[in-house]
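Below: the structure, in structure tokens.
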Amino acid sequence: MATWVLSECGLRPLPRLYSNPRTRISSSAFPNSIRIAPSSSKIFRPNSSVSRDRRWALKVSAPVGVQFVEEDEKINVGESDFNPGAPPPFTLADIRAAIPKHCWVKNPWKSMSYVLRDVVVVFGLAAAAAYFNNMVVWPLYWVAQGTMFWALFVLGHDCGHGSFSNNAKLNSVVGHLLHSSILVPYHGWRISHRTHHQNHGHVENDESWHPLSEKIYRSLDTATRMLRFTLPFPMLAYPFYLWGRSPGKKGSHFHPESDLFLPNEKKDVITSTVCWTAMAALLVGLSFVIGPLQVLKLYGIPYLGFVMWLDLVTYLHHHGHEDKLPWYRGKEWSYLRGGLTTLDRDYGWINNIHHDIGTHVIHHLFPQIPHYNLIEATEAAKPVLGKYYREPKKSSPIPFHLLGVVANSMKKDHYVSDEGDVVYYQTDPKL
């Protein structure tokens, strides 16, 4: 049952208004309406601000027929009546066209300079901690080194997306060195992360932090529910996810026969598993040389810090906004609509350290853009995105406020309905 505790999450639906039903109208009047009623065939009229230009109809999945929901089932989306679950009045091509061409250029020398910077800092921190070796320095080291392990992961993450360079061999070599050093199976992760990007915002098909359906949630025992939504347990999920994936999904990131992988990807998975095993063996060997306690202090505790950073950041990029954001199924899901449910976050001084991974919306839509161009690309895309872009709250130098965001989300975002093509998180009042 531990995997239930450490894997997925769920958001209650927005409040509903109105009471009298409206009449049926011709589907020709609104060719791009969307389905929101979770347990019926009722359909919500599109936002009046949404363009009816047919040129983007092929870019967005939407049902052909149209029928208004009863007025008491209309979602309250604020004074402006902006509906975040409505198809946007722009296309992926519109966003791409707004981003300057130089933002797409990958500079391998620049990418390698970030690797060199981070590696020097990692070894420098370890040397300083071992030299001073006192209980004043060690806690500071653990926090700093855990953050730097996370920074190494982000650079390996760029290798996995191909945004590190245009050279696939360079990406693979650097990705393996970086990810193996922090006990991440590079190709196994790369492939599952690709699945996450290709299905972002989809209730069932997403691979990372997708919500629990109500049926699965109700099947959990009380203790498992409490642990699943009680910090810090959800922030320690990543190693368990690598070994066993998420509830309802089979396979492992280490096993070449896993459902995650295609037949032609088995060799890649074996290579990454061997590299991971070599790193684990190196740590065991070091424990005989310098002692297990020293390995724990130099590597083990920072590794836990890295895991908590990874789970915190990946959770915050898909959860915790003050306005409820939709999750999709069936014909209502599209790559664009799913990507627009992701969130940017400001991490204060940490932004530069972890390579601006907080600029997440544009990264999710266009993962080929190098991390050092994401801020400029985001600024250029904002006029196109309009209200579909949610400006992140400005952070203090250390982003302590985000701990409150996570805690609040864990209290409210428990599961989504088993039915409906556009659904929102719901809260279990008994939890």
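Placement of Cβ uses the backbone N, Cα and C atoms for every residue, glycine included.
Annotation comment: TrEMBL describes 1-127 as domain 'Fatty acid desaturase N-terminal'.
Positions annotated as transmembrane segment by TrEMBL: 114-132 (among others). Residues 138, 141, 144-145, 148-149, 151-152, 155, 174, 178, 294, 297-298, 355, 372 of the same chain sit 6 or more residues outside the transmembrane segment (114-132) yet have a Cβ under 8 Å from a Cβ within it.
The annotation domain 'Fatty acid desaturase' is assigned in TrEMBL to 138-389.
The feature transmembrane segment is assigned by TrEMBL to 269-290 (among others). Within the chain, the transmembrane segment (269-290) has long-range Cβ neighbours (under 8 A, six or more residues past its boundaries) at 176, 179-181, 183-189, 191, 253-256, 258, 261, 298-299.
The annotation transmembrane segment is assigned in TrEMBL to 296-316 (among others). Among residues of the same chain six or more beyond the transmembrane segment (296-316), those with a C-beta under 8 A of the stretch's C-beta atoms are 9, 126, 129-130, 138, 141-143, 145-150, 153, 182-183, 208-209, 232, 234-239, 283, 286, 290, 343, 345, 354, 357-358, 402, 405-406, 409.
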Margin query: For the domain 'Fatty acid desaturase N-terminal' (1-127), what's the mean pLDDT in this predicted model?
Written below: 59
